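Peer 1: Got a structure here, written out as structure tokens. Questions coming.
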Amino acid sequence: MIISTLIEIIGKIFFMILFGFVLKKAGIITNEFQKGLSNLLLNAILPVSILSSASNPFSKELSRGLLIAALLCFMYYISTLILTHLITGTFKTDNSTKKIFITMSVFANVGFIGFPIADELFGSNGMLYTVIYNMFYQIFFFTYGTNLLSNKGKFNISSIFKSPVTLSSFAAVIIYLSPYRFPVFINESLSTVGGMMVPLSMIIIGCTLVDIRPKEILKDKYSYLVSLLRLLIFPLAVIGILLLIGIKGEVAVIIAVLTGLPSGSLNVILAEQYNCNPEYAARTVIQSMILMIVTLPVIISLSLKLLI
């Protein structure tokens, strides 16, 4: 059952990515159109999909899972930030590269890839667990991450509340914990619109792969180290720790899988903004996204086999 489910999920993902690649290669999707699709996804469809996940009936088991997810996420970000600081202390490179190495190693592409994967695995339950993960991502990224890259010495707390994804995440948790639920016609409308999230995300990823120059992403050893940490070491460590402390179930699988996602594209945007080696950041994000095609099925398979 697990193997057939995994094959079905990975097969759908690969097909949609290939479809996006073909559309971009054929000129049906232009660069401008691709940018518009990305904005539509992140600012409209993804928030709507998150809100639709709040329609789950309240249950003690799911609420307990959300609390476990929150504790695990907090521990993940604290421990990986400490570890990557220690690792960069051994680097013989400039300070900007060290800083962006830390953020790229710790902060994954939860919004763009994590939500669709979670939805494919466990539906609305998976979405709610990912909402918790994403909330901690936003808090740590827009406080510690921006402070590290900017050297301003201030935590940019206000940035947390400027993202539609973050606002919808907070709203979804509040709605789920309350006795209120959307009327049926509203919830069905949200679910229908949110249903575009997975195919649109994968199509955009396929479009991104068209513009990659292989030589540029194969020459940087620090990029490989980020990919190794993000795609294998961190998720495998999380799986091992979860087994050790006896946490299993859907929440455990989601946390492990989200930890094995490629570096987030927001790293590139902030690297450009604060002049922290944006070229290296872009190469690393693209490299980790390509390698994810090989590593993510392994992480999903291990998680489903060991943590369910």
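Backbone N, Cα and C atoms are what each Cβ position is placed from, and that goes for glycine too.
Below, the features straight out of TrEMBL:
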type	residues	note
TRANSMEM	6-24	transmembrane segment
TRANSMEM	36-54	transmembrane segment
TRANSMEM	66-88	transmembrane segment
TRANSMEM	100-118	transmembrane segment
TRANSMEM	130-149	transmembrane segment
TRANSMEM	161-178	transmembrane segment
TRANSMEM	190-210	transmembrane segment
TRANSMEM	222-245	transmembrane segment
TRANSMEM	251-270	transmembrane segment
TRANSMEM	282-304	transmembrane segment
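In the displayed structure, how are the listed features positioned relative to their neighbours?
Peer 2: Within the chain, the transmembrane segment (36-54) has long-range Cβ neighbours (under 8 A, six or more residues past its boundaries) at 29, 111-112, 115, 119, 124, 127-128, 131, 164-165, 167-169, 171-173, 175-176, 181-182, 187, 190-191, 193-197, 200-201, 203-204, 207.
Remote same-chain partners of the transmembrane segment (161-178), defined as residues 6 or more beyond its termini with a Cβ less than 8 Å from a stretch Cβ, comprise 42-44, 46-48, 50-51, 53-54, 56, 58, 63, 66, 111, 128, 131-132, 134-135, 138.
Outside the transmembrane segment (190-210), and at least 6 residues removed from its termini, the chain residues within Cβ reach (under 8 Å) are 13, 16-25, 29, 34, 37-38, 40-41, 45-46, 48-52, 55, 112-113, 115-116, 119-120, 182, 286, 289-290.
Proximity of distant same-chain residues to the transmembrane segment (251-270), defined by a Cβ-Cβ separation under 8 Å and at least 6 residues beyond the stretch ends, is recorded for 65-66, 68-69, 72-73, 76, 100, 103-105, 107-114, 117-118, 121-122, 126, 129-130, 133, 137, 141, 145-146, 149, 226-227, 230-232, 234-235, 238-239, 242, 276, 278, 281-282, 284-285, 288-289, 291-292, 295-296, 299-300, 302-304, 307-308.
Long-range neighbours of the transmembrane segment (282-304) within the same chain, counting only residues 6 or more positions beyond its ends whose Cβ lies under 8 Å from a Cβ of the stretch, are 2-3, 5-6, 9-10, 14, 17, 104, 109, 113, 117, 121, 205, 208-209, 212, 216-218, 220, 222-224, 226-227, 230-232, 235-236, 239, 252-253, 256-257, 260-265, 267-268, 271.
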Peer 1: Which listed stretch (6-24, 100-118, 130-149, 222-245) has the most C-beta pairs under 8 A with the transmembrane segment (66-88)?
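Peer 2: Ranking 6-24, 100-118, 130-149, 222-245 by Cβ pairs under 8 Å to the transmembrane segment (66-88) puts 130-149 first.
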Peer 1: How about long-range neighbours of the transmembrane segment (222-245): same chain, 6 or more residues beyond its ends, C-beta under 8 Å?
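Peer 2: Answer is 72, 76, 80, 84, 87, 91, 93, 97, 101, 104-105, 108, 252, 255-257, 259-263, 280, 283-284, 287-288, 291-292, 295-296, 299, 302-303, 306-307.
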